[in-house]
Amino acid sequence: MKKLIYYFGSNGSDGNASMKDILGNKGAGLAEMSNLKLPIPDGFTITTELCNYFYTHDNSFPKNFRNELRTAVEKLEATTGKVFGSTKNPLLLSVRSGSIVSMPGMMDTILNLGMNDEVCAALGEVCKDKRFALDSYKRFLEMYGATVLSIPSDLFEQIYERHKIQADIYRDSDVTPQLLEKIIEDFKKLHVKYAEKLITDPYEQLESAIKAVLNSWMSNRAVIYRKINNISESSGTAINIQSMVFGNLSKTSATGVIFTRSPSTGEKKLFGEFLINAQGEDIVSGTRTPLPIISDDSNSMKATMPKVFDELSKISETLEKHYLDMQDIEFTIENSKLYILQTRTAKRTAIAAIKIAVQMVEEKLISKEQALMRIDPESLNQLLHTRIDYSKGLTSIADGLPASPGAATGIIVFSPYDAEKLSHHHKVILVRHDTSPEDINGMHVSSGILTIRGGMTSHAAVVARGMGKPCVCGTNNLVIDEKKQTLIAGDLILKQDDIITIDGGTGKVFLGAVPLIQPTFSEESKLILEWADETSKLKIRTNAETVSDALVSVKFGAKGIGLCRSEHMFFDKNKIPLVREMIIAPDIDRRKLAVQKLLPLQTQDFKALFRVMGDKPVNIRLLDPPLHEFLPTTEEDKKNLASSLNLPLSMINQRLHAMHEVNPMLGHRGCRLGICSPEIYQMQVEAIFTAIFELHKEENIECKLELMIPLISNVNEIKKLKGDIYEMIHELEERYEHKFSFSLGTMIELPRAALNSKKIAEEVDYFSFGTNDLTQTTYGISRDDIASFLPYYLEERIFESDPFTTLDEEGVGELIEIAIKRGKSSNPSLKLGACGEHAGHPASIEFFHKMNLDYVSCSPYRIPIARIAAAQAKIKHG
């Protein structure tokens, strides 16, 4: 068995920052801080190897682990001068998880471990403070009971509140030692009820706490968090055991969290909060509203503890320069002595991540490439957050702390269960006293989070920022009535389903929906996206067929349109009746008449699109979906169609019945329509080239057209349609006395097309991989029906991910690779693109980069994400 325990502390460390895989993120940080000679409590890290052993050996420990653990504690006793379980100078321990990737609040922590009646009495004597010792004992029983014995936390809360009410006490600080003794006795009875005995042996407590932390790796909340954030389950967690230092020892003791820069905005200034006479869990849990470290407030740390503040400031600067990244630092002050408990790379909003990355390049701390690799592409969704339009003279109903930026409007829900249930049909705002890790699913589906308690570093704030969701915390002027399920704001009483709006950028809460402003990119955002474009090889295009989508795409930096689904233009209310006439018409003459009515409308559509895109390439896919999608379904629409064609309703119903297909997505669609009903493609080609000619003549715009034929499976299909298209273009060139320049391509979206790509490539200028249909036809799974079994497949690990979100590299990816290799063998100048939903997914973009595609085309609001992902792929793979 490999080494399981690594020491750290005032005498140096066995490990360092590079050992995250075995020490976890927290343990590696503690080891590195020891090597930097920073003031940290002595301790040791149990490696991730134990977690992996635990889960592969029926939740048991290795043979010699208990002896190693006892040796480690004895070494800790020697360095601290305290003894574990002693009734003279007791050593108390903290037991904390430490996964490789930070998972704030998702796993378990136990403080003050080693407590029993005798140790509590000894601690009171040593510290000359009986109340402090009793308070520490109470905290231990509550935390150990909830974490190790699975006693519901609210049972402890009920006991505590009952005793306070009976004693006519309202503030925690007024609870007397005598009352604490009564509370502790009731807590101990609760332990006996659930565990059949009170566990008083310190080593038994320690072993059971270690098992509890290991078990929390597979807790429901941790599993959900890993799924949401794509964190591997196989990495396991380390465990960090440290000698306790007490932030709740006196009025010169405190606990807090400090960020070396603002996690919300990225501003270069220290930002954080602390609580006097408190332990670390008090600030992280959000049960008390903390004080600022820096502010004009006389209660700030800078004002009340200036010497400690200066030391903390210097350590913060040291850690940021050492790690070359913004740090999230937890600390405790015990009788004016500062201890650093943890440092880690700080979670931050996308706005902050970009600002910090750019700042650090300007400060010559990191390179542009390093800056780009620091950005989570998916987090750029946050740049698209709306904000409230305050020019409308709005009045808020409450004010809190701006914990995570962005504005959200939704109905009030008071539980994560209701959030999950109602989010299918409504946008919801989750309203809680404070959030806990158990709320993770409800937070994930909510549009925004509002908490009554907690600060900028509470669980709600940290998790919301990581999710990119608006969050307001510490709204002390709001009251939740749990029994009546109402939210009280002064004289206003709100119930579930009432609508509110929260502003996570200002901390304000409004009644109802309020006017919102769409976001704009900061100068730093524009700059880092420019760096991305300079770095990447893949060009990023967009899927667009409307002027509004095209304008948004150009604004977000699209280099062209990679997929214009021409059929989407047909659904306009002015066109759909003509499309239906074209499809249902009983003879060719009537069909051609309907087509001619559509022609000028299609021409104007294409003209408007080309005008927006200017000299950027525009790839237009000719009509693809089955005709049934355009046909009327309501009786009213059927009657209107019968009237416009001057046909009896019975004949319309006969035609509709005759056109019914059992499996239309694999039926009469795509190129098959163009071959069987050539007048449709002829009309589209005429409209496209007429639009190009008119823009050239009237506005001197030179359009870059790419014309794409869908759903090819046989080279003869492309040959037939290619001949028809070129014949039509030749007629148009003669009519307009103008020579047209364009590229002809096809979508590779069927396995047979991929396998026969050598022949197909001889007939076209480019391939565009339609990964949606290619995935459907490779798997034999309908994208519309996969939801009925996908959750079970993911749970049973049959699928690692949704194949319609993350490209299947083994199956679909191999078909793409075959198509590229064979296509290039017959046409070396063949251009390559991809235009399915996968084209906006970072992992899939990395695959497309490795396949040497020329571009990917994604939805407009995925463009910034794709630009960063393409740059990262180039940095990783060259």
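Note that Cβ sites are derived from N, Cα and C of the backbone, with glycine treated the same way.
According to Swiss-Prot, the protein carries these features:
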BINDING   R96  ATP binding site
REGION    348-404  region 'Linker 1'
REGION    405-502  region 'Central'
MOD_RES   T457  phosphothreonine
ACT_SITE  H459  active site, tele-phosphohistidine intermediate
REGION    503-537  region 'Linker 2'
REGION    538-878  region 'C-terminal'
BINDING   R565, R621, E749, G770, T771, N772, D773  substrate binding site
BINDING   E749, D773  Mg(2+) binding site
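All features noted in Swiss-Prot, drawn onto the structure.
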residue	record	Cβ contacts under 8 Å, 6 or more apart
R96	ATP binding site	K26, T109, I110, V213, I239, N240, I241, Q242
R565	substrate binding site	N543, E545, R621, D624
E749	substrate binding site	P710, L711, F769, G770, T771, N772, D773, L774, T777
- Query: Which residues, given as numbers and ranges, are at least 6 beyond the ends of the region 'Linker 2' (503-537) yet have a Cβ under 8 Å from it?
  - Reply: 264, 266, 351, 354-355, 357-359, 368-369, 371-372, 375, 383-389, 392, 394-409, 448, 450, 464, 469-472, 474-475, 478, 489, 492, 494, 557, 849, 864, 867-868, 870-871, 873-875
- Note on the structure: Judged by other C-beta atoms within 10 Å of its C-beta, the most isolated of the recorded positions H459, R621, G770, N772, D773 is N772
- Note on the structure: Restricted to the region 'Linker 2' (503-537), the mean pLDDT of the model is 92
- For the substrate site as recorded (R565, R621, E749, G770, T771, N772, D773), determine the largest distance between any two Cα atoms, in Å, rounded to the nearest integer. 15
- Could you break down the residues of the region 'Linker 2' (503-537) into DSSP helix, strand and coil, giving a count for each? 13 helix, 7 strand, 15 coil
- Starting from the Cβ of T771 (substrate binding site), draw a 10 Å sphere and report how many other Cβ atoms land inside it. 30
- Query: Under a three-state reduction of DSSP output, how is G770 (substrate binding site) classified: helix, strand, or coil?
  - Reply: coil
- H459 (active site, tele-phosphohistidine intermediate) - helix vs strand vs coil (DSSP): helix
- Task: Determine, for the substrate site, the additional residues of the same chain whose CB lies within 8 Å of the mean position of the CB atoms of R565, R621, E749, G770, T771, N772, D773; present them in sequence order.
- Result: L563, D624, P710, M747, S768, L774, C835, G836
- Secondary structure content of the region 'Central' (405-502), with strand meaning DSSP E or B: 25 helix, 35 strand, 38 coil
- For R621 (substrate binding site), the three-state class that DSSP assigns: strand
- Mind tallying the region 'Linker 1' (348-404) by DSSP state, helix then strand then coil? 30 helix, 8 strand, 19 coil
- Where the residue listed as 'ATP binding site' falls in three-state DSSP terms: strand
